[in-house]
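Features reported for this protein in Swiss-Prot:
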type	residues	note
ACT_SITE	C48	active site, nucleophile
ACT_SITE	C51	active site, nucleophile
DISULFID	C48-C51	disulfide bond
DOMAIN	1-134	domain 'Thioredoxin'
Amino acid sequence: MTLKKVDANPSTLESSLQELKSDETSRSKINFILFLADNDPTTGQSWCPDCVRAEPVIYKTLEEFPEEVKLIRAYAGDRPTWRTPAHPWRVDSRFKLTGVPTLVRWDGDSVKGRLEDHQAHLPHLILPLLAPST
């Protein structure tokens, strides 16, 4: 039906999450965070081959869902930034990221499901994340 995308980075993700929380319509919608690597300015493509493979599959799967889906695309930074052990999303207890891409079903203030880098490109694993939360 409709896939609404919002872009964020380590300094803007919290405000994007607060907007989701305060938006009355978002509370009844399906919300995701897709943690990605930044695009390489010299090529225009992500420096992460798994992200390049997963992004189109994720977008297509979410766009085909009959209900509105909101997706925050959270860009982790360039390769050296992401590789830093103290990266904010690696140490944040809500996310505990170990790789990109990571697709997270976000409900309220918490993770309700996730697919790690080696799973995020598989539609048959994305679809169960779209099921109603309990």
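Each residue, glycine too, has its Cβ placed from N, Cα and C.
Assigned with DSSP, the residues of the domain 'Thioredoxin' (1-134) fall into helix, strand and coil as follows: 45 helix, 34 strand, 55 coil.
When pLDDT values are averaged over the domain 'Thioredoxin' (1-134), the model yields 93.
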